[in-house]
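Colleague: Would you mind keeping the following structure in view while I ask a few things?
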Amino acid sequence: MAEKAPPGLNRKTSRSTLSLPPEPVDIIKSKTCSRRVKINVGGLNHEVLWRTLDRLPRTRLGKLRDCNTHESLLEVCDDYNLGDNEYFFDRHPGAFTSILNFYRTGKLHMMEEMCALSFGQELDYWGIDEIYLESCCQARYHQKKEQMNEELRREAETMREREGEEFDNTCCPEKRKKLWDLLEKPNSSVAAKILAIVSILFIVLSTIALSLNTLPELQETDEFGQPSDNPKLAHVEAVCIAWFTMEYLLRFLSSPNKWKFFKGPLNVIDLLAILPYYVTIFLTESNKSVLQFQNVRRVVQIFRIMRILRILKLARHSTGLQSLGFTLRRSYNELGLLILFLAMGIMIFSSLVFFAEKDEDATKFTSIPASFWWATITMTTVGYGDIYPKTLLGKIVGGLCCIAGVLVIALPIPIIVNNFSEFYKEQKRQEKAIKRREALERAKRNGSIVSMNLKDAFARSMELIDVAVEKAGETANTKDSADDNHLSPSRWKWARKALSESSSNKSYENKYQEVSQKDSHEQLNNTSSSSPQHLSAQKLEMLYNEITKTQPHSHQAPDCQEQPERPSAYEEEIEMEEVVCPQEQLAVAQTEVIVDMKSTSSIDSFTSCATDFTETERSPLPPPSASHLHMKFPTDFPGTEEHQRARGPPFLTLTREKGPAAREGALEYSPIDITVNLDAGSSQCGLHGPLQSDSATDSPKSSLKGSNPLKSRSLKVNFKENRGSAPQTPPSTARPLPVTTADFSLSTPQHISTILLEESPAQGDRLLLDAELPAQCQGLAKGLSPRFPKQKLFAFSSRERRSFTEIDTGEDEDFLELQGARADKQADSSPNCFAEKPSDARHPLSEEGCGGSSSPPNTGHNCRQDSFHAVGEVQKDSSQEGYKMENHLFAPEIHSNPGDTGYCPTRETSM
């Protein structure tokens, strides 16, 4: 039974958290298995039929069904969960109600509380044209949208004007920009506000001084008898003019565009405010004579009157005054219409009143131009009373003139007022928008507001998914050198099970590349820089070499095998192909049942075995050269385990000979598939597969597909054996695996899938990496029949090979006790045992010999069956010339569906 996920973590999580992108076949299967689909928009779930979405195939939801790859799905939606058939869109959930209703009913309505611009953006996102809006909502939608677009256009123009102030092409750009902001943008800083207040005070002071200079009590008489300005007030005015001049020059020097500065209306007002003063000084100082002064005096008076224009400088600091000026400029059509109406009325009524009043004595309507004044003040409803008609006909004309004046003025005036109010509000909105934009820019620069795309967030989460936090104060000699914060899926015991269930076969090679070395003082931390997702082939090769070059450690006593952490395991999957050879009778040991055993890594073996191999991998490839692999058995067989430790070789001899002469014990081997599984647990060693040699092999084929040792590799070892006839293996009742079905026919080779697991011991239970050859593993060579004179045992590397059965750490002690109780049955339990049938002597290959002295004798797990006996049993018939042998390894309660997560799938080895 597989380990279950922690209760805090939901197994039905998003695709992006526990598995790699699924294959197209899984996506298509998920869509075809259900007629309905779940649409999650902003956290609000909607359920709709697929055929409803097919009504609008060119929209975003219509394209959802045609997306069969991971990339195309992420282009349409933001996330998805194939297990729940759910697709997530990070959009406004309220607007989606109207959009989904459009799919169902064909009627598109806009909600009353929805912003028109936001609803338009939602329509653009979902791929629906706004022309489908119903007539009841169309007018309101377009009116609001046009209004919002106009406001946004004006705001964009203002921002473009402000952002168009380029200072890069001039000298001292930074200083000039600061000075420009200081003088032109009062809201940019506190200093700018203070400077604006000082400027306003100078404007008010200059206006007051100009008014006081006209008082007779404060005036003085010059040498020509003409009144002149008070000297004290003249000094005040000079200071104000000096301030205005300095301000104007600084603006001009710091302006990014000089010509645009001259054309600005406010700058023209500033120039007119200071220019009359200098013209007056120039005229008075250059013309000292009386005659010249009399000629210049009137010109000087004109320029003195122009000083009053200084009051208009307040418009620079007043939004209302600016709005008035812009309103007059924008309302020139209405103002022209008003003037035209007044001119027509004045002409008509002044003519009528002239002909009505010209015959009266002492009349003031002496001519039509003289009557214009009366018509003007009458139509404007002012009525000074200095001129008025006296006759009856003149009074009637005057009454009609008043009514016409009210009607003529009343028509264009509201338009002008409306323009003023709208422009005033727009100015206020633009000021707030500018402040908001500037605040957002400052916040983004400070990092308080971060905008991130969903795909970028997913990529960053994948990069940061493996994190190791170093414990403070721990040394390298401590038991745990790094504290894993359990963010990495490789650290979860159930994570690989979820991976193998939720992804396709093609992605298996990338799932089991996680390395954790705990038998040395160094630990490979899964950091973001060296996470399995980013390890290159060279780095993986280096890691594997470091693992294989680790120095051997001393054995520990069996009672000291307390495993707080389960050691890392290396799972090697070897597919061996047997060639037909002479028929021999083999003795198979009795099967034993092991119950109450949890195996979390069996799913790894199953998914590795269940991978669909290509035709190239199914058949052995011809070698590039005659390279023969010889696996030699030792001739001496020690009797005891201690004697074996003293005399046995640390590992088996693996030689490679060239030429066709090496035909004895030749093994034909094909692509290796070694899966390095990062998991910890107690292990047992079993040697699987028939160790039969062939003395008459012609030309063994050998091909080796070199790949990264940490990546998934498959080894096909073809034993060539001349057999006259052999019965086929009976079909298994369990679901067979694609690569483990065996065929003992005469013409077809036998594929044997054997799982060898290499485990690294825990920190406190160091096992020999360069293990001695087990005693009972060597017993086979000594007790072989003369029919097997040249059989040789083989080993694949310098490290121990163990049959893979991962046991939960919580049940290690019980399992060891169970194995200790069965120590006396070692001679009767073997995974793949060979003996001579006529002598009735069994030479078992027990697991104790391969497992070393650190654990009690263990049963051959590759031959075991559980209490259900669901798989076909081993059949042995002494009366037959040949016999059938079946080797099965499976777990109880097999679930064939990937969604069933309670138990691990079956692992089967048939021979």
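Cβ from N, Cα, C; glycine included.
Okay, these came from Swiss-Prot:
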type: COMPBIAS; residues: 508-522; note: compositional bias 'Basic and acidic residues'
type: COMPBIAS; residues: 523-534; note: compositional bias 'Polar residues'
type: COMPBIAS; residues: 692-711; note: compositional bias 'Polar residues'
type: COMPBIAS; residues: 837-846; note: compositional bias 'Basic and acidic residues'
type: COMPBIAS; residues: 874-887; note: compositional bias 'Basic and acidic residues'
type: CARBOHYD; residues: N287; note: N-linked glycosylation site
type: INTRAMEM; residues: 369-380; note: intramembrane segment
type: INTRAMEM; residues: 381-388; note: intramembrane segment
type: MOTIF; residues: 605-611; note: motif 'FFAT'
type: TOPO_DOM; residues: 1-190; note: topological domain 'Cytoplasmic'
type: TOPO_DOM; residues: 213-232; note: topological domain 'Extracellular'
type: TOPO_DOM; residues: 255-265; note: topological domain 'Cytoplasmic'
type: TOPO_DOM; residues: 285-296; note: topological domain 'Extracellular'
type: TOPO_DOM; residues: 318-332; note: topological domain 'Cytoplasmic'
type: TOPO_DOM; residues: 355-368; note: topological domain 'Extracellular'
type: TOPO_DOM; residues: 389-395; note: topological domain 'Extracellular'
type: TOPO_DOM; residues: 425-911; note: topological domain 'Cytoplasmic'
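Help me picture these features in the structure, burial and contacts included.
Modeller: Across the topological domain 'Extracellular' (213-232), DSSP helix (H, G, I), strand (E, B) and coil residues number 5 helix, 4 strand, 11 coil.
For the topological domain 'Cytoplasmic' (255-265), the DSSP counts in helix, strand and coil order read 7 helix, 0 strand, 4 coil.
Outside the topological domain 'Cytoplasmic' (318-332) by six or more residues, the chain places 265, 312, 415-416, 419-420, 423-424, 427-428, 431 with a CB less than 8 A from a CB of the stretch.
Helix, strand and coil counts from DSSP across the topological domain 'Extracellular' (355-368) read 4 helix, 0 strand, 10 coil.
Within the chain carrying the topological domain 'Extracellular' (389-395), a Cβ under 8 angstroms from the stretch's Cβ atoms is held by residues 353, 356-357, 360, 363, 365, 374, all 6 or more beyond its ends.
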Colleague: Below 8 angstroms Cβ to Cβ, which residues of this chain, lying six or more residues outside the intramembrane segment (369-380), approach it?
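Modeller: Contacts with the intramembrane segment (369-380): 342, 345-347, 349-351, 353-354, 387-389, 398, 401-402, 404-405, 408-409.
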Colleague: Can you tell me how the residues of the topological domain 'Cytoplasmic' (318-332) break down into helix, strand and coil by DSSP?
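Modeller: Secondary-structure composition of the topological domain 'Cytoplasmic' (318-332): 13 helix, 0 strand, 2 coil.
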Colleague: Could you tell me how many residues in the topological domain 'Extracellular' (389-395) are helical, how many are strand and how many are coil under DSSP?
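Modeller: Counts, helix then strand then coil: 4 helix, 0 strand, 3 coil.
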Colleague: So if I exclude everything within five residues of the ends of the topological domain 'Extracellular' (355-368), which remaining residues of that chain have a CB under 8 angstroms from its CBs? That is, six or more out.
Modeller: 374, 387, 389-391, 393-394, 397
Colleague: Taking all residues of the topological domain 'Extracellular' (355-368) together, what is their mean pLDDT?
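Modeller: A mean pLDDT of 89 is what the model gives the topological domain 'Extracellular' (355-368).
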